[in-house]
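Here's the structure, in structure tokens; my notes come after.
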Amino acid sequence: MSKNIVVLPGDHVGKEVTDEAIKVLNAIAEVRPEIKFNFQHHLIGGAAIDATGTPLPDEALEASKKADAVLLGAVGGPKWGTGAVRPEQGLLKIRKELGLYANLRPCNFASDSLLDLSPLKPEYAKGTDFVVVRELVGGIYFGERKEDEGDGVAWDSEKYSVPEVQRITRMAAFLALQQNPPLPIWSLDKANVLASSRLWRKTVEETIKTEFPQLTVQHQLIDSAAMILVKSPTKLNGVVITNNMFGDIISDEASVIPGSLGLLPSASLASLPDTNKAFGLYEPCHGSAPDLPANKVNPIATILSAAMMLKLSLDLVEEGRALEEAVRNVLDAGVRTGDLGGSNSTTEVGDAIAKAVKEILA
């Protein structure tokens with residue numbers, strides 16, 4: 001059983017965290033000899049700009065199109081600024097070219113032992129468990145725009161079509177139906193102001209009503225949802241669906257609840273994972289952390305992204321769950337990087353998780 005994975009380390013800590021994810025995947029292959037992971041490394045982001053002049057070289061894109069999944073580290077940094085050619089353009093391009101229309105970002109505690117690290121009081125944070133499903137290839141980030149050309153005027157445009165909203169709604173519904181009873185769906189918009197949000201709300205409502213009558217959907221204005229998230233996040237438990245820009249913002253807000261950006265994974269999918277073989281790109285929610293010393297970054301977000309990859313793209317559900325259990329066991333044992341109040345290095349955390357997952361699967 002051979003699985004082809006393109007690795008895009010990216011910039012700064014990107015290589016460190018992807019190295020640790022590869023380490024734990026190889027540990028799984030050691031105890032499951034029928035599984036073989038083939039890793040192919042390519043450039044993206046600032047590293048690609050330095051080497052080739054473009055944030056996403058053609059060979060990286062073509063290799064990604066042929067892979068079973070893509071594992072990405074982190075992109076960007078102050079070195080490359082905000083000029084005409086920027087590292088982040090590589091991310092936008094690969095999402096669009098690979099049709100990665102749905103971004104999944106879980107918000108929960110990898111271990112309850114981390115509750116005291118949350119900026120929220122434990123009694124409010126405990127039990128938080130939702131996934132943000134963000135539409136990733138439409139909306140204002142891909143709309144028509146005008147730069148300031150000396151006239152002091154610039155603008156961006158938000159545009160959504162019914163098929164785009166239906167597609168992301170079906171992804172949210174699929175995820176909700178994976179639990180028994182099904183999870184509630186929360187749809188976030190700004191329908192009291194924006195025409196695109198009114199189309200969004202209408203389409204989400206009709207899609208759920210006609211295609212998934214067993215599910216419930218509740219609509220929430222994005223600003224109200226942002227308040228709920230810091231006041232009582234468990235009220236949003238279930239599946240949270242929203243557009244590209246709102247999803248970008250609300251998922252970053254949610255990411256601090258578990259106490260560290262170094263804990264949260266993400267998946268960007270091109271299709272429903274109904275056979276556990278959806279093509280996807282997996283990356284941590286944190287950035288490239290250019291100021292962080294070597295061997296200090298928390299690799300858990302990337303390792304948990306690899307666990308999502310095992311479950312959603314590589315049809316290795318048991319192994320993915322084992323990896324999540326290994327992470328929980330290691331955290332409970334107190335093996336932690338500095339962002340979690342520990343003193344362990346990046347490689348020490350990776351080593352501990354690799355050992356733990358082998359013990360679970362042996």
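Yeah, the Cβs are placed from backbone N, Cα and C, and that goes for glycine too.
The feature NAD(+) binding site is assigned by Swiss-Prot to 77-88, 287-298, with similarity to another entry given as support. Its own atom aside, the Cβ of G83 (NAD(+) binding site) has 7 Cβ atoms within 10 angstroms in the protein chains shown.
The secondary structure of R95 (substrate binding site), as reduced to three states from DSSP, is helical. Per Swiss-Prot, the feature substrate binding site maps to R95, R105, R134, D223; the stated evidence is similarity to another entry.
Summarising the annotation, Swiss-Prot assigns site 'Important for catalysis' to Y141 (among others) and lists similarity to another entry as the type of evidence. Y141 (site 'Important for catalysis') falls within a helical segment according to DSSP.
Annotation comment: Swiss-Prot describes K190 (among others) as site 'Important for catalysis'. Sequence-distant neighbours of K190 (site 'Important for catalysis') (same chain, six or more apart, CB under 8 Å from its CB) are S197, L221, I222, D223, F246, listed in sequence order.
For D252 (Mg(2+) binding site), the same-chain residues lying six or more positions away in sequence with a CB closer than 8 A to its CB are C285. Annotated Mg(2+) binding site per Swiss-Prot: D223, D248, D252, in sequence order, evidence recorded as similarity to another entry.
Counting only the Cα atoms, the space from Y141 (site 'Important for catalysis') to R134 (substrate binding site) is about 13 angstrom. Cβ neighbour count for Y141 (site 'Important for catalysis') (all protein chains, 10 Å cutoff from its Cβ): 18. Cβ neighbours within 10 Å of G287 (NAD(+) binding site), excluding its own Cβ and spanning all shown chains: 16. Under a cutoff of 8 A between CB atoms, and with a sequence separation of 6+ in the same chain, the neighbours of P290 (NAD(+) binding site) are D11, H12, G77, P78, K79.
In this structure, of the binding-site residues R86, R105, R134, K296, the smallest number of CB atoms within 10 A of the CB marks K296.
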